[in-house]
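Here the structure is laid out as structure tokens; the discussion comes afterwards.
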There are 2 protein chains.
Amino acid sequence: MSFVPNQFDDVSIATIRTLAADVVAKANSGHPGAPMGMAAVAHVLFSRFINANPKNSQWFNRDRFVLSNGHGCALQYVLLHLLGYKLSLDDLKAFRQIDSKTPGHPEFHHTDGIEVTTGPLGQGISAAVGLAIAQAHLGATYNKDGFDLINNFTYVFAGDGCLMEGVASEAASLAGHLQLGNLIVVYDDNHISIDGDTNVAFTEDVPKRFEAYGWDVLHVDDGDTDLKSIYEAIAKARTTPTPTLIRLRTTIGYGSKQQGTHGVHGAPLKADDIQQLKTKFGLPADKTFYVPEDTYAAYKEVGVRGAELESKWNALLESYKSQYPTEHAELTRRISGKLPENWEKNLPVYTPADAAQASRKLSEIVLSKLVPAIPDLIGGSADLTGSNLTRVKGMVDFQHPSTELGTYAGTYIRYGVREHAMGAIANGLSAYGGIVPYVSTFLNFVSYAAGAVRLSALSGHPVIWVATHDSIGLGEDGPTHQPIETGAHFRALPNCAFWRPADGNETSAAYKWALTTKSTPSILSLSRQNLPNLEGSTIDNAVKGGYVVHEVEGEALTIVSSGSEVSIALEAASKLQAEGIKTRVVSIPCWLVFDQQPQEYRLSVLRSGAPILSLEALSTTGWQKYSHEQYGIDTFGASGPYLQVYEKFGITGTNIASVGKKVVDFYKKKGGDVVSPILKAF
Amino acid sequence: MSFVPNQFDDVSIATIRTLAADVVAKANSGHPGAPMGMAAVAHVLFSRFINANPKNSQWFNRDRFVLSNGHGCALQYVLLHLLGYKLSLDDLKAFRQIDSKTPGHPEFHHTDGIEVTTGPLGQGISAAVGLAIAQAHLGATYNKDGFDLINNFTYVFAGDGCLMEGVASEAASLAGHLQLGNLIVVYDDNHISIDGDTNVAFTEDVPKRFEAYGWDVLHVDDGDTDLKSIYEAIAKARTTPTPTLIRLRTTIGYGSKQQGTHGVHGAPLKADDIQQLKTKFGLPADKTFYVPEDTYAAYKEVGVRGAELESKWNALLESYKSQYPTEHAELTRRISGKLPENWEKNLPVYTPADAAQASRKLSEIVLSKLVPAIPDLIGGSADLTGSNLTRVKGMVDFQHPSTELGTYAGTYIRYGVREHAMGAIANGLSAYGGIVPYVSTFLNFVSYAAGAVRLSALSGHPVIWVATHDSIGLGEDGPTHQPIETGAHFRALPNCAFWRPADGNETSAAYKWALTTKSTPSILSLSRQNLPNLEGSTIDNAVKGGYVVHEVEGEALTIVSSGSEVSIALEAASKLQAEGIKTRVVSIPCWLVFDQQPQEYRLSVLRSGAPILSLEALSTTGWQKYSHEQYGIDTFGASGPYLQVYEKFGITGTNIASVGKKVVDFYKKKGGDVVSPILKAF
Ligand SMILES: [Ca+2]
Ligand SMILES: [Ca+2]
């Protein structure tokens, strides 16, 4: 293939540049520099390479485009509009306004044609590695001779900021290891970041670094105007067997009087600057939001080509159906987002007679049942497989076949010690479709991935974190590895289901909920130590997020707890009972889900009439919502055998019984009604 | 310099290996593989190079040693013991036991001779960059001709895990940019990580990557036994003008029957394996915790040399005193950890007549007063200097002089978009001594650095985070940039002071507290938008962490709030007052500090008698501790002009007044006493 210029190229690029300037100016907020600098490459990429149908942004085999430098989203919004996605000129005029389709950074699910949420630097390029893995995996799984059904590329635009972020380094190293030839990153090397020239902080040899990761690196020296070189670089990148970084030298804010300076990075251009810009590029200086007919015509053609591609693909899929009916049924089911019928019947059920086990082990048992039943599950761990217990029998590693360590059809990813990239990659796997990713590390190190977990929650990616060793119960590794604040952190994160199951049935319930939701990530907080199976726990109870695990009438005290401490609460209750103090026990494995239950139910669980004491081997922060009194750990933990650490922090049946007595006495002395803490004024 | 072997080398290395195996075996928990693999390099480094005095681990110009692969701490504990630090054989026998000096990972302040806390992977090597910057800076500032007072090296041991972590990539890139020739990292290239062979996930060309960062890379092919090559590599590394990575090929668990396999990584050796190990290395197979006299003798000599070095240095410092009395006074004051006399008199004080300003701007004003008065302050930003407002007039960048962008005597670090490394580097700057680091980014992106902030808190490094744009008040950038869960997260983190000042005096108070503490990091959560100066706020009030900002007697309602919402609470109170509903307003800028006040004071602030409503433009999680009812944002934010975003979420004087009325009515209907939420049973 070689570059064939057309009559619309210049006017299209001029339109992108001036429209982006107008969009930012109208909002009086935003980043014009990157859109203007990257207009040429954007035009070449979208007009010549990207296979997508603007009229159906969900076509499964579309090329994925990720604007990792999401602050430059005026560029992406302009392109989506020109291409004919559901984004009008009025939407562009509402840039960065309340409830518009064009928020300050691109958001998945919010705007037609946005593949993943970007803006927090490094997230886009890392999620793109997930998109690329998804293609490689589904292609290897479902493509057949003559049926190259899943063969899209993933294209990324990224700036200096993204490449400085550690999460992107992690993801790029893994992408190189996995030899993801379907991944093409255009690095906008404009020598400018917010603090000014990149010379102040970023002087490493980026191409050499990416070569060290096993990437190809191509160079385009004039990214502002040299369409031919841009074209040739992208064309070449599509043919190489490794991921490619195209280092594109551009001028930030190209065409502005301030081009090439930090002044055009994050502030609108002045009116006179925009006017001279339009004049310079042959567009009327006095018109705003002006799109020449030629530009619309050029992009309409691109859309027509995309629609044809989809039609052909649909026909291919039909023909696949007759030759490979089983694979077709499975693939289309996966694309639809439905899990296999009756998958949940595989969930193990327990009685108190079953042996005590660590909830990480209970999780492994669930996975050992579900992985064979749900091919959508793609697991992995950040180098803690043997501790997280996430690689179940029969799983094959996802590896490039040349390594002989696995294949692209494999469903277990060796993420290496790269928690943050793992979280971002999982977002990409989920966004691609047809895949339900679960990832794992110690609960304490989910915090390393906080930026990615936040975007899971904001974007509604139902990623599952298998987060083991979830308290002081990990014992000897000590306070550097013992989470304290982690529960409060992720419970406070909107749309994040932090599950802390107490036993086997609750572990099954957590998986049941996590796999049923289509729009919420789950963190399964799991113990290293053994937990008994509780009388009173059932999947149906636990899947409500909270329930009474031990009921008595006329109680003097309720203890509300989660995870590994529920059995300790039950032990305390039984000691109190022996002293004539009637004590109920409530288990709340997931706050988010419990809060979604009807108030009547919640009030029946956390009822008025007696004080409620919370118990958890984590920070007490937030438990005030469900209890009058709180017992937990508001300092760092300690290194030692786990039972001794529990003893040190007073989390034993004996001590909690004694604390419970204090609570009962205090409320007796206080007098008056004891009202449920969830009864609220508004 | 060339390597001169001595008669004690072999026995010393054998002792390290067998003692480490014994330590882990006795604990029946821990990691023998790395200590055994790195025994040779540890011995060469400590016996030939490290300048330190075991009898005074605080000698200022000591070489710093960081075991970044902190799970191998049996190695470090063994060395500290052999060298004569305050660590007995009994301490080694108490490895990983409750309250011992030898926890599962090395902890700063906890164990004599530990420079920074390590274990969470990537943190040690990144903190080491901070240690190296500190030396470069203090050397450039205080060294004079003939007085090379501050010239120590920083040595790091790191494994594959550390090098896979993004935080380490960020730190290494910056270290290369800054040309830190005083930094030497020994990379234990043993081809093993927890998931097995590093081939499964880590196949990048590490030396090439570090060369891309601007590091020298040296190779030692036999790190198990080739002491001469190890010696020569370290000797060479000390002479190069850039940071050096020594790639040392070792055999994990060298000497074990399972050497070179993942089996020796994280589990004790079996008894028979330890016996054959001792026999193989010429030590008695039947003795445990056996240290030959020759080994003690060899290390005693090392200690004597260290003590002599310190004596000489002390003499040099005395002579410096007479020639450079001003510098001497300042340097020794800084070493002592005391700030200049009366520094706090520079803190600005405000009255309500002063113009409304953003608290990020108020922070800049504080810094503009304090930076000239406190040379200990080393600032910086993760590429958001112009938004964080952290580089005040007169500051010079910390840069290698060859760049002509600054000097090593400069006090402002351009961190680049590397939040996590910035946090870890700040830990190293603080650990070195003589430096008070402040670092900055948007509050939302402090989460990227959660791993480092956690270690600040655990280690007690009084790092200051200038965390601006701290709510939906950042407006147009939208939900990807608007923190919601961040307050709950860092308030739940033990020993972390999360300050959210409401105005000028509270901002001064936050800095006053943050600079006075010696053992707690502070996060200053600051607004983008303007905030009025409040009647009733004073530094003395705010430094208590919470106080009554608007008092009335016989109130029907108290509103408790923080930061930018305090003035909205006051507006609501005034509207309620106009309707005859007496309303007090409490400001709690810092939970941690408020909780440290005497109960009597806290009860006077959050008194019984009327309901308390909390108001904050962040998650309500945790506010239940201080209030009966909570108003906040438990969903993600929105992109738009900030006043409209506040309106959308109902955080306006009018709406909060209406919510306040509901609260008052609810509690009137409910009847009975309204008791302060901080009155507790235990
Ligand atoms: Ca840039
Ligand atoms: Ca290793």
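Note: Cβ is positioned from N, Cα and C throughout, glycine not excepted.
Source: prediction; values computed, not measured.
Among the features that TrEMBL reports, active site, proton donor is placed at B:E419. For B:H31, B:H265, B:R360, B:S387, B:H469, B:D477, B:H481, B:R528, the entry in TrEMBL reads substrate binding site. Residues or ranges marked as thiamine diphosphate binding site in TrEMBL: B:H71, B:G119, B:P120, B:L121, B:G161, B:N190, B:H265, B:F445. If you look up TrEMBL, you'll see B:D160, B:N190, B:I192 marked as Mg(2+) binding site. If you look up TrEMBL, you'll see B:357-533 marked as domain 'Transketolase-like pyrimidine-binding'. Residues annotated as site 'Important for catalytic activity' in TrEMBL: B:H31, B:H265.
Annotated features taken from TrEMBL, shown on the structure.
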| residue | record | DSSP class |
| --- | --- | --- |
| B:H31 | substrate binding site | coil |
| B:H71 | thiamine diphosphate binding site | helix |
| B:P120 | thiamine diphosphate binding site | coil |
| B:G161 | thiamine diphosphate binding site | helix |
| B:N190 | thiamine diphosphate binding site | coil |
| B:S387 | substrate binding site | helix |
| B:E419 | active site, proton donor | helix |
| B:H469 | substrate binding site | coil |
| B:D477 | substrate binding site | helix |
### Task
Check each of B:H265, B:D477, B:R528 (the binding-site residues) against chain A and write down, in sequence order, those whose C-beta lies under 8 A from a C-beta there; write 'none' if there are none.
B:D477
### Query
Which binding-site residues from the set B:H265, B:H469, B:H481 come within 10 angstroms of B:I192 (Mg(2+) binding site), judged by C-alpha positions?
B:H265
### Summary
Close to the residue listed as 'active site, proton donor', taking Cα pairs within 10 Å and only the binding-site residues B:H71, B:D160, B:G161, B:F445, are B:F445
### Query
Compared by Cα position, which of the binding-site residues B:D160, B:S387, B:H469, B:D477 is the closest one to B:N190 (thiamine diphosphate binding site)?
B:D160
### Task
Among the binding-site residues B:P120, B:L121, B:D160, B:I192, B:H469, name every one whose Cβ is found under 6 angstroms from ligand 2, counting any of its atoms.
B:D160, B:I192
### In sequence order, the binding-site residues (B:H265, B:R360, B:D477, B:H481, B:R528) whose C-alpha falls within 10 A of B:F445 (thiamine diphosphate binding site)
B:H481
### Summary
Cα of B:S387 (substrate binding site) to Cα of B:P120 (thiamine diphosphate binding site), in Å and rounded, measures 31
## Note on the structure
For B:H481 (substrate binding site), the nonlocal same-chain Cβ neighbours (under 8 Å, six or more residues apart) come out as B:F442, B:N444, B:H469, B:L474
### Query
If you draw a 10 Å sphere on the Cβ of B:N190 (thiamine diphosphate binding site), how many other Cβ atoms land inside?
26
### Task
Might you list, by sequence position, any residue in that chain lying six or more from B:H71 (thiamine diphosphate binding site) with a Cβ less than 8 Å away from its Cβ?
B:G30, B:H31, B:A34, B:G104, B:H105, B:G119, B:G266
### Task
Report, in whole Å, the straight Cα-to-Cα distance of B:D160 (Mg(2+) binding site) from B:D477 (substrate binding site).
37
### Query
What's the CA-CA gap between B:L121 (thiamine diphosphate binding site) and B:R360 (substrate binding site) in angstrom, rounded?
33
### Task
For B:D160 (Mg(2+) binding site) and B:R360 (substrate binding site), determine the Cα separation and express it in whole Å.
40
### Task
Determine, for the Mg(2+) site, the additional residues of the same chain whose CB lies within 8 Å of the mean position of the CB atoms of B:D160, B:N190, B:I192; present them in sequence order.
B:G159, B:D188, B:D189, B:H191, B:S193, B:T198, B:I252, B:H265
### Maximal Cα-Cα distance (Å) across residues annotated as binding substrate, namely B:H31, B:H265, B:R360, B:S387, B:H469, B:D477, B:H481, B:R528
48
### Task
List which of the binding-site residues B:H265, B:R360, B:R528 have their Cα within 10 Å of the Cα of B:P120 (thiamine diphosphate binding site), in sequence order.
none
### Query
Any idea what the model's mean pLDDT is for the domain 'Transketolase-like pyrimidine-binding' (B:357-533)?
98
### Task
Could you tell me which of these binding-site residues, B:H31, B:R360, has the fewest other Cβ atoms within 10 Å of its Cβ?
B:R360
### Chain-internal residues, separated by at least six, CB under 8 A from B:H265 (substrate binding site)
B:H31, B:G33, B:A34, B:I192, B:S193, B:I194, B:I252, B:G253
### Query
Going along the chain, which residues six or more apart from B:G161 (thiamine diphosphate binding site) have their CB under 8 A from its CB?
B:N69, B:L121, B:G122, B:S193, B:I194
